[in-house]
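These notes are about the structure you will find just below.
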Amino acid sequence: MALKQVSSSKCFGGLQKVFEHDSVELKCKMKFAVYLPPKAETGKCPVLYWLSGLTCTEQNFISKSGYHQAASEHGLVVIAPDTSPRGCNIKGEEDSWDFGTGAGFYVDATEDLWKTNYRMYSYVTKELPQLVNDNFPVDPQRMSVFGHSMGGHGALICALKNPGKYKSVSAFAPLCNPVLCRWGKKAFTGYLGTDQSKWEAYDATYLVKSYPGPQLDILIDQGKEDEFLSDGQLLPDNFIAACTEKKIPVVFRLQEGYDHSYYFIATFIADHIRHHAKYLNA
């Protein structure tokens with residue numbers, strides 16, 4: 001599958017690149033970002049996938065989070081895909097910021113209008129990793145995932161639905177229990193229909209209750225001043241309770257004074273990369 005390089009910039013001794021390709025799963029052109037650390041010049045590196053939140057493209061993380069120095073030092077290839085298919089001309093796709101374009105929610109849609117293109121779960125867990133493994137110096141056996149908000153939800157479900165595939169998982173302000181929040185209800189109804197039992201297959205709080213192992217150490221940072229926390233969109237307490245019940249280790253850090261923004265992510269990104277490097281470089 002042909003990759004077209006869109007951009008390449010040197011950063012902390014490595015290269016921040018963006019590529020475009022024709023996606024089989026999403027049936028449209030997709031862009032994704034890839035950071036190749038200096039170590040990638042001489043051998044295969046572990047790979048860390050970042051999943052972004054609502055309204056984002058592949059650009060937000062690479063331009064705002066300041067992750068490059070830590071990724072360079074730890075020798076990690078970092079992949080950041082877009083958050084939805086683009087330009088599919090589906091009725092209603094552009095109507096709201098929390099559904100359709102920029103809001104794929106990392107599910108495989110089953111509703112007629114969306115099921116042909118909106119297959120972000122299969123894209124980020126199957127098609128994109130295959131593409132990355134085939135085209136870049138990565139070790140497919142050493143892979144981890146993290147994300148923010150809707151992408152934090154994505155990271156958690158990808159890890160929980162694929163035991164052993166990802167060495168570690170972390171999230172910033174994730175939607176932990178989307179079947180119970182407004183964003184989740186809207187997205188799941190649109191993409192998956194009204195049968196709520198189908199929704200549970202993409203809800204971290206439900207998935208963790210039936211997670212069979214191997215052990216997964218989960219790191220979550222949450223800003224205490226996050227408007228979406230107080231608004232009931234994120235519901236981390238429900239997820240932590242489910243983890244505790246299942247004896248799955250989760251480090252949850254409520255960060256005083258921080259909000260939902262990339263300033264919050266930039267503050268703690270090095271901690272998260274260190275968390276993943278511990279497992280990826282073991």
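Just so you know, glycine gets a Cβ as well, placed from its N, Cα and C.
A quick note: this is a predicted structure, and the numbers were derived from the prediction, not measured.
Record features, source Swiss-Prot:
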type     : residues : note
ACT_SITE : Ser149   : active site, charge relay system
ACT_SITE : Asp226   : active site, charge relay system
ACT_SITE : His260   : active site, charge relay system
MOD_RES  : Ala2     : N-acetylalanine
MOD_RES  : Lys4     : N6-succinyllysine
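Projection of Swiss-Prot feature records onto the structure.
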{"residue": "Ala2", "record": "N-acetylalanine", "DSSP (3 states)": "coil"}
{"residue": "Ser149", "record": "active site, charge relay system", "DSSP (3 states)": "coil"}
{"residue": "Asp226", "record": "active site, charge relay system", "DSSP (3 states)": "coil"}
{"residue": "His260", "record": "active site, charge relay system", "DSSP (3 states)": "coil"}
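Taking the Cα atom of each, Ala2 (N-acetylalanine) and Ser149 (active site, charge relay system) are about 31 angstrom apart. A 10 Å cutoff on Cβ-Cβ distances gives His260 (active site, charge relay system) a total of 21 other Cβ atoms nearby, all chains included.
Looking at His260 (active site, charge relay system) and Asp226 (active site, charge relay system), their Cα atoms lie 5 Å from each other. Taking the active-site residues Ser149, Asp226 in turn, the residue surrounded by the fewest other Cβ atoms inside 10 Å of its Cβ turns out to be Asp226. Ranked by how many other Cβ atoms sit within 10 Å of their Cβ, the modified residues Ala2, Lys4 place Ala2 at the bottom. The CA atom of Ser149 (active site, charge relay system) is located 29 Å away from the CA atom of the residue listed as 'N6-succinyllysine'. The CA atom of Asp226 (active site, charge relay system) is located 38 Å away from the CA atom of Lys4 (N6-succinyllysine).
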